[in-house]
Amino acid sequence: MSTLVIVGTQWGDEGKGKITDYLAEKADVVVRYQGGNNAGHTVEKEGVQYKLHLIPSGILYSEKICIIGNGVVVDPASLIEEIENLQKQGISVDNLKISDRAHIVFPYHIKQDELEEISKGKNDLGTTKRGIGPCYMDKSERIGIRVCDLLKPKVFEEKLRRNVEKKNKLFKELYGAEGFDFEEMYQKYLEYAEKIKPFVTDTTVLLYDLIKSGKKVLFEGAQGTLLDLDLGTYPYVTASHPIAGGVTVGAGIGPTMIDEVMGVVKAYTTRVGKGPFPTELFDENGEFLREKGHEYGTTTGRARRCGWLDAVILKYSVRVSGITHFALTKLDTLTGLKKIKICTGYKFNGRIITDFPASLEDLAQCEPVYEEFDGWEEDIQGAKTFDDLPYNAQKYIRRIEELIGIKAAIISVGPERNQTIVLRDF
């Protein structure tokens with residue numbers, strides 16, 4: 001590893017947190033490059049669980065530099081709460097760095113998110129209502145407020161006053177809703193500014209210098225390929241770019257500085273919220289995966305929709321992110337199933353297609369074409385090598401490799417760090 005990007009290959013919730021945590025031990029720097037506190041992951045260390053939303057997983061290692069890049073949108077209240085919770089658990093945050101170019105989430109973003117979802121009725125997108133989308137909207141509209149603005153009281157006052165007036169007018173005229181008090185918000189965010197100020201720096205300079213000096217850098221993505229604003233199942237997507245290409249913009253480095261890309265593949269497929277899901281299961285197998293895999297959102301607590309592994313999706317993810325190898329997670333969840341399936345193509349308009357369609361209307365009409373595999377009953381959570389796995393589990397993994405054209409580098413067989421089979425060193 002010199003620079004390694006970790007991306008989700010499905011609709012998020014692939015287990016990136018555990019893989020990042022595992023690889024972070026060998027990295028010098030861990031960077032978050034997109035999204036906000038709409039994503040979450042749970043990392044275990046020495047039997048203790050840590051729930052993270054904004055701060056990179058590397059924070060659990062005091063010697064690692066952890067960077068929140070310019071592509072992340074930061075809710076200061078959420079960030080400060082996360083910092084304080086880690087400190088209460090005895091975790092140092094001294095090596096946390098926050099980009100001065102990152103955009104700030106405000107209460108009016110959260111309210112706008114909620115009101116827009118309500119106004120869409122049955123056509124709502126199922127957002128986390130954390131204000132992420134509206135914050136990125138303001139960024140695109142060039143009225144966003146950045147961390148560097150927050151640290152200059154007069155500049156911040158001018159920009160916030162303009163935005164509060166604009167948003168209050170929007171809430172009243174479009175939604176018939178109450179607005180916000182400028183002074184109250186201004187004072188509250190000045191308090192936040194003082195608390196985050198020690199962590200703020202130009203992370204583009206810092207990161208460039210770290211890479212040039214030979215440091216090992218791990219880029220930690222949130223969400224997954226199919227939630228990408230351009231390449232995901234639009235409009236049921238997030239407002240940022242959780243693919244490898246998002247790193248260059250969201251962390252402020254050039255594409256030639258990326259050496260490898262690891263795709264995280266859950267051994268089955270899950271999705272939160274609305275939108276087509278070709279391999280979704282509505283039977284006892286779907287319930288089995290949900291309960292055994294504890295498929296409930298870290299951020300929202302929402303039950304995840306569950307289905308069989310979809311190789312069409314995985315091939316698409318490999319292609320658009322240039323993935324070089326993959327980590328397979330939650331293989332142990334499949335233990336106990338008599339039969340396991342992998343979708344190898346879609347039946348659409350009387351023919352078989354193997355490329356992921358752009359149109360959601362087309363995707364909704366796609367019927368999965370499956371290959372069926374025998375399952376296994378053996379407990380695999382103690383497996384230390386590939387050969388320790390049951391033959392049927394090995395066969396399942398090898399078929400995934402054949403279907404998507406890249407090799408597995410890591411296999412996760414349980415939630416603990418030591419329940420990890422490493423096939424390739426980094």
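Just so it is clear, glycine is given a Cβ too, placed from its N, Cα and C backbone atoms.
Predicted, not measured: the structure shown is a model, and the values here were computed from it.
Swiss-Prot lists D13 with the feature active site, proton acceptor, giving sequence analysis as the kind of evidence. All protein chains included, D13 (active site, proton acceptor) registers 28 other Cβ atoms within 10 Å of its own Cβ. DSSP classifies D13 (active site, proton acceptor) as coil under the three-state reduction.
Mapped onto three states, the DSSP output places H41 (active site, proton donor) in strand. Look at Swiss-Prot and you will find H41 tagged as active site, proton donor.
Within 10 Å of the C-beta atom of R304 (substrate binding site) sit 21 other C-beta atoms, taking all shown protein chains into account. What Swiss-Prot records for 12-18, 40-42, R304, 330-332, 412-414 is GTP binding site.
Other Cβ atoms within 10 Å of the Cβ of G40 (Mg(2+) binding site) number 18 in total over all chains. Annotation source Swiss-Prot lists Mg(2+) binding site at D13, G40.
In this view, N38 (IMP binding site) is surrounded by 28 other Cβ atoms within 10 Å of its Cβ, with every protein chain counted. What Swiss-Prot lists as IMP binding site is D13, E14, G15, K16, N38, A39, G40, H41, T128, R142, Q223, T238, R302.
In the three-state DSSP scheme, R304 (substrate binding site) falls into the coil class. Taken from Swiss-Prot, the feature substrate binding site covers T298, T299, T300, G301, R302, A303, R304, and the record attributes it to sequence analysis.
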Item to complete: Fewest other Cβ atoms within 10 Å: which of the recorded positions K18, H41, R302 wins that one? Let me know.
Response: R302
Worksheet entry | IMP binding residues D13, E14, G15, K16, N38, A39, G40, H41, T128, R142, Q223, T238, R302: largest Cα-Cα distance, in Å and rounded to whole number | 34
Worksheet, complete the sentence: Using a 10 Å radius on the Cβ of A303 (substrate binding site), the other Cβ atoms enclosed count 13
Fill in: Those recorded positions, out of H41, T300, G301, A303, R304, that come within 10 angstroms of G15 (GTP binding site) at the Cα
H41
Worksheet item: Taking the Cα atoms as reference points, how far is L331 (GTP binding site) from D13 (active site, proton acceptor) in Å?
Response: 14
Worksheet entry | binding-site residues near Q223 (IMP binding site), in sequence order, restricted to K18, T300, G301, A303, R304, V413 and a 10 Å Cα cut-off | none
